[in-house]
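Report on one structure; see the data block that follows.
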Amino acid sequence: MIITQVELYKSPVKLKEPFKISLGILTHANNVIVRIHTASGHIGYGECSPFMTIHGESMDTAFIVGQYLAKGLIGTSCLDIVSNSLLMDAIIYGNSCIKSAFNIALYDLAAQHAGLPLYAFLGGKKDKIIQTDYTVSIDEPHKMAADAVQIKKNGFEIIKVKVGGSKELDVERIRMIREAAGDSITLRIDANQGWSVETAIETLTLLEPYNIQHCEEPVSRNLYTALPKIRQACRIPIMADESCCNSFDAERLIQIQACDSFNLKLSKSAGITNALNIIRLAEQAHMPVQVGGFLESRLGFTAAAHVALVSKTICYYDFDTPLMFEADPVRGGIVYQQRGIIEVPETAGLGAGYQKDYLSGLEKICIN
């Protein structure tokens, strides 16, 4: 299973509607696809969705850095995943997003070689239901309430709401959404680092009557030492997202009792290898974990869904963004069923790829 060729593709996909969070507005998912070929004829797929405000990467930078990573991996064994992860770290510091795409492709190949679906290769089992939420982008309260009603009509039972503005506006957003969607809907909120410490405490306290499941990343990730104060002052559980990128972050947050749960994303952790380390730390600390992502296609979320089956500590799922795409370029992969329930493929490996017609229209570079 020697790596002989790597293909990189720029993959911009238009969204049905602009995706708005406190950090900015996106009209496209600007992703990068990685295809790794081996001497045995196997092909492994990976994908990443860079956010400049979170990863410090873009589609263009990931495409360039990916070429350096590809050159380093040519001639190595795709089965030496840990060694190849260390090799990528030696080639360039950071750049976790593009590294995650390579790491996913390596795991795809390794699971194919083992003849197992990826979740089974990772030691996971299909012993639980994966039910995704659906996100309401940040907007005017009446628009967000209308969106929540439509999401409920579409059969989703869990709604994630983007907040992170003024205290008054965020409370009005949640009040109107709860009234419009009703008490049967599970509500989660995500501030995307949008509040100050004081605003976070005040806003979360005012939101307590609305039965919020948890709040993701209330303040800047640089203010992670303030999370214990927020957690102690409020009854709504705190989930670390941007402040938890790797196992070192997770261990630090556990030590200072900064949060109630982690939001795990493969492109933050540079892929599956370090994601598994975070999961083990969460298990030891008896902390629940959410698995989510950015604006990956169904292929990226197929990888995330396989990972979600490796531990019972993973109990929250945020896999909705492929449903926001105008067109679906993926063949195989996860299947969205009623109520937001997700079926994970049984095919050996990742069980997902891209339509040939789609790839042929993308900007591409091949490294041998």
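Even glycines carry a Cβ here, placed using N, Cα and C.
In the three-state DSSP reading, T135 (substrate binding site) counts as strand. The annotation substrate binding site is assigned in Swiss-Prot to T135, K160, V161, K162, K265, D318, F319, D320.
Residues annotated as Mg(2+) binding site in Swiss-Prot: D190, E216, D241. E216 (Mg(2+) binding site): 25 other CB atoms within 10 A of its CB, across all protein chains.
Long-range Cβ contacts of T135 (substrate binding site) within its own chain (separation 6+, distance under 8 Å): I159, K160, V161, K162, D190, D318, D320, T321. Distance from the CA of E216 (Mg(2+) binding site) to the CA of K265 (substrate binding site) is 13 Å. Counting only same-chain residues six or more apart in sequence, the Cβ atoms lying under 8 angstroms from the Cβ of F319 (substrate binding site) belong to I130, T132, V291, G292, G293, F301, A304, A305, I334, I342. In sequence order, I189, A191, N192, C215, E217, M239, E242, N263 are the same-chain residues whose CB sits within 8 A of the CB centroid of D190, E216, D241, the residues recorded for Mg(2+) being left out. Here the binding residues for substrate are T135, K160, V161, K162, K265, D318, F319, D320. Their largest Cα to Cα distance works out to 18 Å.
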